[in-house]
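Here is what Swiss-Prot records for this protein:
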type	residues	note
BINDING	1053, 1107, 1109, 1115	Ca(2+) 2 binding site
BINDING	1053, 1059, 1107, 1109	Ca(2+) 1 binding site
DOMAIN	217-422	domain 'SMP-LTD'
DOMAIN	413-534	domain 'C2 1'
DOMAIN	559-668	domain 'C2 2'
DOMAIN	685-803	domain 'C2 3'
DOMAIN	1019-1137	domain 'C2 4'
MOD_RES	843	phosphoserine
TRANSMEM	167-187	transmembrane segment
């Protein structure tokens, strides 16, 4: 017996007189042994000076068994949370040394009461129906009394029965002997009950003890090792053959350039099977989870447990790898041998069970400690002259570390190696398919190379797994190619994307990437059809062109439980080529092969090349939609590098291959080939073809609205050296701009403090909050963005209804580029989610109600109906469908617009104060061509919709859709402007409530003064929203300020008087200046002016009193801040405000009149005027098409060029008045 002292982990806190040693015994289990704890007794003070004190010694010895089941000391690894074993009730009381929170008696009673009510839910439902007065507390009391009565009755019924029967027998005068009959019956009944109680208790207790034993102790599995040994003789040859095939294929694909070929010439694992030292189970896992620890050992050199006959027939493991170095004649083979393999390790296995084939969904594997490897490696000399490099000092350690470094990130704790058994067994794949996506690529435009020349573009379409599902034809020498090609892709989840990449074809050099785009497929769930849509292509953050496409979703037929026996009608197909065998009869010839999949005589997919392998294995599939599968034909063509012609082909009808897949007959001979066979299979699911043609984001009903309170951004950087950012923020979703803020000029830390609303179409939506750098003379640049996953804000109640979500925290997150690179810039915002209130009564005649995609904030570029969700959205134009789905024809010719609703639904929607207003510009009538229609809403300075050019005089059908969010329907106003270049031809303002009430049941005609008119249909999807006070209509308006007088002003002149005047500033900008009153300390002004108040909660309104001086700077007499929060709508508010100079009082009277005030005025002199035309003459929103802009003019949105001229006039006038005044003196 050998011993080795190991310090205890808790030695620092232990008794210094205690010593713990681990005694390693020659046990069967590696790492086993016993722990010996020795407690020594200190010597008495009188014996401390003696060399052998009598009082010192060992006072206590404890011996504890320590098996290897719990790890092996230094090699123990941290177990990840998902692989941790469940703790027993005793262990749960203290986790990692931290005691759990004590539970009060009140909490225990409340929890027990809830569990009690749940157990008696049926009784509760019945009593609630007939006894509504019976509360949960009373019900619990009644049931407890009933249980108590029944318990005591069961305990005492035998005594009661004995007494009653004895009384009856005596009363009937049966005599004394009758008591023996009663006693016999009672004794027999008692024995039966007693036996049943003992048996049940014994079974329960035995089960409890076995469960505890499974939890705490490991189990030897000699029976399993015996079975593995017998099974190993049969299984090992086929396993070694399969490993050889797979390894040869991997080696052939990864041959270094200086090696001609690599192949396994010999591979065997020997005749001795792997063994399990122990198994430890964890019975307290979830019902659908199995977890256990295994002690695995593979030591074929240990023959101590084999019989003489087994030793004589024993074959040891051996791996021989042949390397062929050099080329042709100058090549030479070099064998590499690996012998005497052994392995030992502790493996934790976690199996997730399911209730269908293959009944195990995933298997998680992780080593709880580093395994131990042993081997003999002979890279040179072979069997006879081979030298084991393990004898070289340090090399074995180096190789072992490399093995651990390779396997560690894969399956050493805390890493877990998960096997998807369901997918591996073929149960996933097409079984989980939701349907197929039909993608029709129409055309593209705007493509050019770096020098502006012509290109030869083609488009590659990939799925989310980056697998190519189609490649378009090459359009030569054109920047506006026309494709008109259709591609299909199997859709397994609505969270998938289509990736579009446009390349410039070149015969000599490699093809050049012109641009890429991502089409998220999330909105196919709500809007299965998208027609005539555009998507912007970007390259390094810049727009380089766009593609025009149609997209449809074809859903599979729901599974009825019946087995599909034949292929008929439309369906989703998954065609798989597995492998080929025996391509060459000569083993020395190893062809490099690849396969092409053929569907209906059309090549649809090409596999990867397998180098120098006689039995290549691809296991590659191609999924598509077949409009008719009954007469479809499938085929596989095998090609080799030696020839451009097919080496062999295999053709079969879809019906025959489907039947062969059912029976497992998957091997087919290669025709026109000297040898070889191919294994292929097919899966089929019937589908429903979608023949709808109408599609627009404005027709998709939002499930709710997301509100983003955007506070600020920090550390922004302009890409133009030496210039600060003119920044604004916007919300992107479904490749569409949903909302945007005002531009803050020349500020790297802009502060917006704006509320933005955007529609949520599906729970898979992803919004991108982007910060842009405004450029008046070119395209706006993206500074950075951050994604917002709407699924994080959606919660459902017990009945499945969506619930509101409010996060009181403000999030500050870094901004990243389109490539995901994060910088120093950050953005601060807060999100809320409000579900829509759409009911069945609000649904239209058509499919579930339509509702706007979004719409607000337009830009310089416009797009037609945008597709959908996002990954890295490109800056497609304005909101919801600016220049929207143009010229979309309705599928029902009798219906004027898809937005129209029944009058009952309209009245129900108008009961709500907020929601998304969708609109359909059905047709127009103009007298002059090349005009445009712009729509403005409430306090938004940017148009929410901009139509395409109206070129047809007289009248024409348009059908362009848009959508916007209405905050307060009672006060909301919508303005329609007809534009001719930079000139406003006509304008019409109406209440949004009137638009919906008159235009939701039938189209509403809106006429302009010059005889032009438009026909519009509306729809309201109500979304109840609790507005913040700063958003409300009552919080803004037009102030009428009466400057009455000032008293007791301080003297600034030598004569003891002052020449006072007052300057009023709103948000840091001068809005009014009173007249100057000479030589007085108590001036009476009696002046009045009007100014717009954007927000009485946040605006800073200041009055500054000055003393006028000729030729010198005016003296400041004092100032005061006017509290606008005191203002009430349509009421006069009197102010008597002392100046901050502690002398002087200013008297004002202010009246606030309700009015929508552009939110661009809230930023004061930090906002940037982006154009010269907007809702008012003094401020504009987004630059409209064809309208000139004033770039980088930092004004406040209140003062215009006329205001600047007025200041110059007043300054000159005051100068002349001063000169005249001095002369008068």
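Every residue gets a Cβ built from N, Cα and C, even glycine.
Residue counts for the domain 'C2 1' (413-534) under DSSP, helix first, then strand, then coil, are 12 helix, 58 strand, 52 coil. By a simple count of nearby Cβ atoms, those within 10 Å, the most crowded of the binding-site residues 1053, 1059, 1109, 1115 is 1059.
Neighbouring residues of the recorded Ca(2+) 1 site, listed in sequence order and excluding 1053, 1059, 1107, 1109, comprise 1052, 1057, 1058, 1060, 1108, 1114, 1115 (Cβ within 8 Å of the Cβ centroid). The Cβ neighbour count for residue 1107 (Ca(2+) 2 binding site), using a 10 Å radius over every protein chain in view, is 19. The helix, strand and coil residue counts that DSSP assigns across the domain 'C2 4' (1019-1137) are 9 helix, 59 strand, 51 coil.
DSSP labels the residues of the domain 'C2 2' (559-668) in these numbers: 10 helix, 50 strand, 50 coil.
Looking at residue 1107 (Ca(2+) 2 binding site) and residue 1059 (Ca(2+) 1 binding site), their Cα atoms lie 5 Å from each other. Here the domain 'C2 3' (685-803) has, by DSSP, the following mix of helix, strand and coil residues: 7 helix, 58 strand, 54 coil.
Here the Cα atom of residue 1053 (Ca(2+) 2 binding site) is found 8 Å from that of residue 1059 (Ca(2+) 1 binding site). Cα separation, residue 1059 (Ca(2+) 1 binding site) to residue 1109 (Ca(2+) 2 binding site), rounded: 8 Å.
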